[in-house]
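Residues annotated as region 'Disordered' in TrEMBL: 1-60, 128-157, 635-661. Look at TrEMBL and you will find 34-48, 635-655 tagged as compositional bias 'Gly residues'. Annotation comment: TrEMBL describes 133-147 as compositional bias 'Acidic residues'. Among the features that TrEMBL reports, compositional bias 'Low complexity' is placed at 148-157. Residues or ranges marked as domain 'UvrD-like helicase ATP-binding' in TrEMBL: 253-597. Residues or ranges marked as ATP binding site in TrEMBL: Gly274, Ala275, Pro276, Gly277, Thr278, Gly279, Lys280, Thr281.
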Amino acid sequence: MPAHPSSADLDDPAEPGDSPAPAASAVLPDTAAPGGGGTPGGAGGPGEPGDPAGPLRREQAHLAASRAALRAMRADAEALDITDVTANWVNAAVLRSQIDGRIKALADHAGTPLFFGRLDYLHPPGAERTEEAVETEDARDPEDAEDAGQTGETAAAGGAARYYIGRRHVHDADGDPMVVDWRAPVSQPFYRASPKEPMDVALRRRFGYTGGELTAYEDERLSDPAAAETVSRLLQTEIERPRVGPMRDIVATIQPEQDEIVRAGLGGTLCVQGAPGTGKTAVGLHRVAYLLYAHRERLSRAGTLVIGPNRSFLRYIEQVLPALGELEVAQATVDDLVAHVPVTGTDTPEAARLKGDARMAEVLRRAVRSGVRPPGEGLVVVRGSRRWRVPAEELRQIVDELLGRGIRYGAAREALPQRIAHAVLVRMEAAGEAPDDRTQNAVARDRAVKAAVKAIWPPVDPAKLVLRLLSDAAFLAEQAEGVLSAGEQALLLRPKPPRSVRSAAWSAADAVLIDEVRDLVERTPSLGHVVLDEAQDLSPMQYRAVGRRCTTGSATILGDLAQGTTPWSTAAWSEALSHLGKPDGRIEELTEGFRVPRDVIAYASRLLPAIAPGLKEATSVREAAGALEIRGVDAAGGGSGGEAGGGDGDGSGGPGPRPGLAAAVAEACREALEHEGSVGLIAADARVPALAGALAAAGLPYLSPGEETTADARLTLVPASLAKGLEYDYVVLDEPAAVVAAEPDRRTGLRRLYVALTRAVSGLTVLHAEDLPPELG
Ligand SMILES: Nc1ncnc2c1ncn2[C@@H]1O[C@H](COP(=O)(O)OP(=O)(O)OP(=O)(O)O)[C@@H](O)[C@H]1O
């Protein structure tokens, strides 16, 4: 049974070395949090070694010294003179920008603690020890070094080593580490070591910060055989800390099962299934930061990319990587990746589903190659007074060979003139001439050869080709024969074919088709690593679009099958991996939920049998059971709070939500705002205008998703279609039945509801005038 570490007063810090060692001990003021955001401010007092005020002062002193060292590192970078070291101005500019980047990265952000943990190893990591040393060192108490007032990376000569773990590496004037990067191998036990597997760590210390000041610490004596597994109070405090502003990093509190994913090698593709709030997004972002650290050169050459579901989600997560010192990672939606044409049209769900079907890849492949016309007649090249003839049969062989090699259409097109020229050269040689490379190049550029290539292997304009497929029934029938049924082909055809690529109203799914064609013509450059979040919503064709951006790299795929809300959402991760071109990808599961409190996740999980029967219910590591309230509103009788401005019907005249619900919802928002932290009002998209009116009538200002919450603006009105991936301390959910009804089918509707029900960190209030979906009962 996990137990909390004992806590002690700041005035009477319990020095672990002073008394018989408890398994874990702590100096914890109530407000301390390891993430430690807050007001600017320096570290605590200078803390002389041996200061009777105890270890807290010494830790504060180490913080102050580390800050000073960081300032010195920055000053050194600023003072670098590159006038004489570079040969030319281009090199100088490159070097200058690298130095500027380093100066930026060396900034000391007052609100961000320079270190959040400490490890005292029993032995210097990696060092070989003699038997005698093993005996004496094992008998030593690592705290002895601290009692002697030593701080720094090496706690005692020839013995234990001490490391402070932080967001970045800081060294002193001699180059000795004051703080080591959390991603360094020596930092790993901070996240993984346990009393069962101490990883040679005697003591793990977590630090708590209040308003930028180091005010607390918490110890675990991992090599003490009597030590029991404990739940860190600093960790709990961090998890429960109200969310205001964009997503923050979890570098101080990454959990062992998460760390395994964060530090998995760059070589393979990893797919993570996880229930809402298990930290998939957080883990994916920390994994990028880790990979950039471990494979900096390779990845900065090849590039890394984080793909999220929409702009507001990307805005929500965009601060995490910069906070971890990584400023260069690109972020995009799948739509951004394939934005070759402006998207102004929409598809019916059936058409969109078909356009996203993997069979479309074969149709497109055929369509691209359909342009190749085997030559009907031979080719004559005139060189000086002589004419060289390549017969049609030989040209056909060349074309067949190029088609059979499976190279890109464009590459084959470039190779064709050289192949024809080669055939001419063979004839020249047979006739006793001695042509060289220059002759071959000249023949390849010959007018007759160029004309033949144009006729045999015409250039392909990807958008034009897709437009033709979608508007020319005969052409589509030819390419889709045996692949798509006649009914499916009819679904693809536009009723009124547009005149040109420019005037066509392209849909998002069309853009993916164009991207596929572009890749058939010319290879899409591959990045070093791609992180794909909320992956369950991608169509097979979208997976292919992502996969071709990491053909020579690897990917981290994050998602939850129960949250799939597109008509084509993923049924099994193995399928997704094969569409991505990574069939050997490893599938992992995260099971511990960090966001949603127990009672709330239990309520939402009632939907699981209907939406994802195979999936396990998430467990919640949250201490608070969470406030869950379901309020039926008698809207017909005016309900609680009366009529809202702006009308409140569903506009259909049917049995939709009635007047009064919106006002009751606004009132629930007002109540939620009495708590600390952010409030999200989630509603079916069509209900948003009515609720906006009710909030305005109630005098409650609100934000849209993606707009940053601040201490003064804490309420966001969230259309259910944008709620995915976001979280709020308190969620008010409007009319579940309307959320379900807004989707084309019931299962998707219930999944959308599941997403909406799992956004709350502390409390959820559900208001309904219609009956709740029976699956929730
Ligand atoms: N180890 C951790 N320590 C502290 N907080 C954590 C930890 N892991 C996750 N969290 C927090 O839990 C919340 C949920 O994390 P995240 O959004 O990454 O989950 P998710 O699995 O992507 O959720 P969803 O499926 O809803 O998109 C975030 O506030 C995140 O910071």
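Using the three backbone atoms N, Cα and C, a Cβ is placed for every residue, glycine included.
Unlike curated records, TrEMBL annotations are generated automatically.
Its Cβ taken as reference, Lys280 (ATP binding site) is surrounded by 25 other Cβ atoms within 10 Å in the chains shown. In the predicted structure, the domain 'UvrD-like helicase ATP-binding' (253-597) carries a mean pLDDT of 94. The record gives Gly274, Ala275, Pro276, Gly277, Thr278, Gly279, Lys280, Thr281 for ATP. Within 8 Å of the mean position of their Cβ atoms, the other Cβ atoms in that chain belong to Asp560, Leu590, Gly593, Phe594, Arg595, Ala618. Among the binding-site residues listed (Ala275, Thr278, Gly279, Thr281), Thr278, Gly279, Thr281 have a CB atom closer than 6 Å to some atom of ligand 1, in sequence order.
Counted over every protein chain shown, other Cβ atoms within 10 Å are most numerous around Thr278 among the binding-site residues Thr278, Thr281. Packing around Ala275 (ATP binding site) is summarised by its Cβ count: 30 other Cβ atoms lie within 10 angstroms of its Cβ, all protein chains included. DSSP assigns Ala275 (ATP binding site) to coil in the three-state reduction, outside any helix or strand. DSSP gives Thr281 (ATP binding site) a helix state. In sequence order, Gly593, Phe594, Arg595, Val596, Ile601, Ala618, Glu727, Thr758 make up the list of same-chain residues 6 or more apart from Gly277 (ATP binding site) whose Cβ falls under 8 Å from its Cβ.
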